[in-house]
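Student: Please see the structure below; I have some questions.
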Amino acid sequence: MHQVKSFLLLAIDGEKMVVVNVGSCIGCRRCERSCPINGITFNEFPIKCMHCDRNPCLYACPENAIERINNKVVVIKDKCVGCGLCALACPFGAIRIDGVAIKCNGCYKRDVEICKEVCPTGAINNLEEILNNKIQNTVNKFNKLYYLYANAK
């Protein structure tokens, strides 16, 4: 029988995708408690901003209180009036209003996300690292790596 591993996409920033291995998440909520801006909502698994390329929250904000900084979508709290239009526009439900908009800022001032650092099971990881490890394991196992190219016409 094959073990099914499911991953939940947490954030996209153009360079990195942060994912949660739902099968490894033990629900300890360390990611939620460690977030300095309370940007993670935890139901059965953590829910964070996807930092999507289209930024519907950014365009919905009438006060220009949401900006893209270092490929992360960030709320500028001094500009936010808490109208909630960004939360309505977010397709992932990752923004909540508590006087002002609160969402994951992707730890844009850090090299590594805090939630990833504190996860005791390693359930939070960068997709690039996961894929690189899988590729390396395949190369090590078969000692060869084959590529299939499509004929583009």
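Note: Cβ is positioned from N, Cα and C throughout, glycine not excepted.
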Student: Where Swiss-Prot shows Cys80, Cys83, Cys86 binding [4Fe-4S] cluster 4, which of Cys61, Cys107 is named for the same site?
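Tutor: Looking at Cys61, Cys107, the one Swiss-Prot places in the [4Fe-4S] cluster 4 site next to Cys80, Cys83, Cys86 is Cys61.
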Student: Report the candidate from Cys25, Cys90, Cys115 that shares the [4Fe-4S] cluster 3 site with Cys49, Cys52, Cys57, as recorded in Swiss-Prot.
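Tutor: It is Cys90, as the record lists it for that site.
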Student: Which one of Cys104, Cys119 goes with Cys25, Cys28, Cys31 at the [4Fe-4S] cluster 1 site, as Swiss-Prot has it?
Tutor: Cys119
Student: Give me the long-range Cβ neighbours of Cys90 ([4Fe-4S] cluster 3 binding site): same chain, 6+ apart, Cβ under 8 Å, in sequence order.
Tutor: Cys49, Pro56, Cys57, Lys103
Student: Using Cα-Cα distances with a 10 Å cut-off, which of the binding-site residues Cys25, Cys28, Cys31, Cys61, Cys80, Cys86 are near Cys115 ([4Fe-4S] cluster 2 binding site)?
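Tutor: Of Cys25, Cys28, Cys31, Cys61, Cys80, Cys86, within range: Cys31.
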Student: Give residue numbers and ranges for long-range contacts of the domain '4Fe-4S ferredoxin-type 4' (95-129): same chain, 6 or more residues beyond its ends, CB-CB under 8 A.
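Tutor: Non-local partners: 7, 9-11, 13, 16-22, 24-26, 28, 30-32, 34-41, 46, 48-49, 51, 57, 65-66, 69-75, 77, 80-82, 84, 86-87.
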Student: Express the distance between the Cα positions of Cys80 ([4Fe-4S] cluster 4 binding site) and Cys52 ([4Fe-4S] cluster 3 binding site) as a whole number of Å.
Tutor: 20
Student: Relative to the mean position of the Cβ atoms of Cys35, Cys104, Cys107, Cys115, the recorded [4Fe-4S] cluster 2 site, which additional same-chain residues have Cβ within 8 Å?
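Tutor: Other same-chain residues with Cβ inside the cutoff are Cys31, Ser34, Pro36, Ile37, Gly39, Ile40, Lys48, Asn105, Gly106, Glu113, Ile114.
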